Amino acid sequence: MAIAARILLLGGGNMGAAMLAGWLDKGVDPANVVVVDPRIGETLRPLVEERGVRHAEQVPAESFDVVVLAVKPQMMGEALAPLGTTLGPETFVISVAAGTTIATIEAGIGECAVVRAMPNTPALIGRGITGAFANARVDEAGRALADALLAASGPVEWVDREELIDAVTGVSGSGPAYVFHLAECLADAGVAAGLPADLAMRLARHTVAGAGELMIRSPEPPEKLRRNVTSPNGTTQAALDVLMAEDGLAPLMQRAVLAARDRAAALAKE
Ligand SMILES: NC(=O)C1=CN([C@@H]2O[C@H](COP(=O)(O)OP(=O)(O)OC[C@H]3O[C@@H](n4cnc5c(N)ncnc54)[C@H](OP(=O)(O)O)[C@@H]3O)[C@@H](O)[C@H]2O)C=CC1
Ligand SMILES: O=C(O)[C@@H]1CCC=N1
């Protein structure tokens, strides 16, 4: 779907700029986007200076078809305050803020059509994934527009209960950080095993990236791909005996994901 909507993006930081890059790559006209942010950060700069997206420090007095909220949850009240005069009856809102509920958004700007979404930063290279929930005011056209905007950075998974967005946050919203940390741990372990640090980091980065790419391209589930690496009684089995022990990675990952999910729910109350 070609996206012709006029878009107001509040917050051009890590996530806002990543999504914006995806829209431009999908053919959104930069003249149709205004990004409001008190500063122009590293990721946003080329989108403004080289690709012609409009930047403003304050919400301009114009009308927009969709407002995308990509500010920190703690800044949401302040970001919503100037929107009152900007929203027309046809405007709808997409929020990507972790934890911020639709009720909070409606408390700030009145009842409206809201899609609450949770993308992730691989959106920057068109390799993100987004979970999304639409409230009852979002009509078919709004949902199609939200789907097109969110799909610019990867697949969109719609959920039918708002609270599931907190669980999505725990898995895929925060998930890239777990994978980057895995690469850091793998590199550190390589150093402990005797490798020079820079070589260990190259091995770790390429292993994580290559395994990720294989997982996407292969029709096989991760479990089968894991088995393909694991020779009977070989080296991988020795490592997996550690990782798959009762107190190994599975319970640790579960605690981590639940901590992120619960933090999202707690953010809603701050
Ligand atoms: N980073 C991620 O991986 C993901 C983040 N999210 C969500 O995206 C949102 C943004 O996160 P992230 O991009 O990481 O944060 P950043 O801090 O990188 O970006 C937020 C930007 O919004 C600006 N800002 C602050 N107040 C306002 C305002 N009133 N109006 C407009 N812009 C404002 C900030 O400026 P300044 O720094 O000067 O305050 C900053 O540039 C959060 O709600 C987060 O939960 C969702 C999925 C993944
Ligand atoms: O850490 C955070 O709160 C945000 C939401 C998901 C990823 N980053």
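Every residue, even glycine, has its Cβ placed from backbone N, Cα and C.
Note that TrEMBL annotation is computational and uncurated.
According to TrEMBL, the protein has these features:
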BINDING   L10, G11, G12, G13, N14, M15, A70, V71, K72, P73  NADP(+) binding site
DOMAIN    7-99  domain 'Pyrroline-5-carboxylate reductase catalytic N-terminal'
DOMAIN    162-266  domain 'Pyrroline-5-carboxylate reductase dimerisation'
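Residue pairs drawn from L10, G11, G12, G13, N14, M15, A70, V71, K72, P73, the listed NADP(+) binders, are separated by up to 14 Å at the Cα level. Each of the binding-site residues L10, G12 was scored by the number of other CB atoms within 10 Å of its CB, and the largest score is that of G12. Under DSSP, residues within the domain 'Pyrroline-5-carboxylate reductase dimerisation' (162-266) fall into helix, strand and coil as 84 helix, 0 strand, 21 coil. Broken down with DSSP, the domain 'Pyrroline-5-carboxylate reductase catalytic N-terminal' (7-99) shows 34 helix, 19 strand, 40 coil. Looking only at the domain 'Pyrroline-5-carboxylate reductase dimerisation' (162-266), the predicted model's pLDDT averages out at 98. A70 (NADP(+) binding site) counts 25 other C-beta atoms within 10 Å of its own C-beta, drawing on all protein chains shown.
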